[in-house]
Ligand SMILES: Cc1ncc(COP(=O)(O)O)c(C=O)c1O
């Protein structure tokens, strides 16, 4: 899809608006599958949290993807999208045993990352197969908020707790059918990935009835031209070989699983906003847009640098701008960036807006969440309506305050 298509969508469906290109999602899915073609049983479970519109879940499922979910509601969304329960893994953190039991009732694969819960669950349901999330204690990830495998992280069962873990498994007689790790997001260095994988292989040797090894995700995607990204093809070649060797020594053809979010959907997405005003101050020129961190919080939360393009006038001379929102707190999307000269009313496109953008949106400042459009087979399809005032007050209960 090109700038003209995006501009037409911003006009036809109003803005701000999220747009996703299905072709990009599918090409990323195929690219990952191809990189691991040497592995006989590969399972890609799309991380629903990245972008949870049921049409996206359906699209990926049509190409063979399963789902990685972190809440009972994400499981329900997956089922609603028509994904069968046996293609869904539930990987929560810090949830109650009741929520895990609800997921069991829905028939999905359970992944447990806490010894106390594992013991309770194993004692009650020794017959239900469980995957275990290991924390390999590897420092990986582009930002402390998205590095989850290190020693201070709340995620996973520490690799140093293996004796305790094994005792629980033995005492309860439970069935461990998979082991999993996810060390963080935006991992550049595939050596870090391979190093953590060795820890997972080592841990796997302790379990006799495994069916799969889940290597999580964390692939770094490019945010602008010539940006660095995880070399997925090199990782595929090296990890596949190592995995196949492991299967030989384990004596069984296991499944290699991944659960990518960003890799599959980040680059497919564009967030389109309109410039309300251009404001010169003593130090900079602000482009003030009809959105804020209520719609796109990643730049403020993680310092993510989304490329901003003036799609109304892409060929004008470039000037320096700070792009800011309308929220009554500082909400700087991009600081001191070269963008084609902006005038009031121009449409700006934020790139890499597929992952963790709409799914992190809120109603802060009592603004509506935007609509979502899927560009599929060269046509724009509305896949979520823009909210209205009725949505804002739908759950508010008016009481008599006399
Ligand atoms: C357990 C788990 N798996 C997969 C993902 C997806 O990561 P990414 O979007 O970097 O691919 C996350 C992201 O937070 C996660 O927590």
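Including glycine, each Cβ sits where the backbone N, Cα and C put it.
TrEMBL: automatically predicted annotations, no manual curation.
Between the candidates 270, 356, TrEMBL assigns the substrate site shared with 298, 302, 329 to 356. Only 218 of the binding-site residues listed as 218, 329, 356 bring a Cβ under 6 Å of any atom of ligand 1; the order follows the sequence. Residue 356 (pyridoxal 5'-phosphate binding site) is surrounded by 26 other CB atoms, counting those within 10 A of its CB over all protein chains shown. Around the Cβ of residue 218 (pyridoxal 5'-phosphate binding site), 30 further Cβ atoms fall within 10 Å across all displayed protein chains. Ranked by how many other Cβ atoms sit within 10 Å of their Cβ, the binding-site residues 302, 329 place 329 at the bottom. Neighbour count (other Cβ atoms within 10 Å of the Cβ, all protein chains): 19 for residue 298 (substrate binding site).
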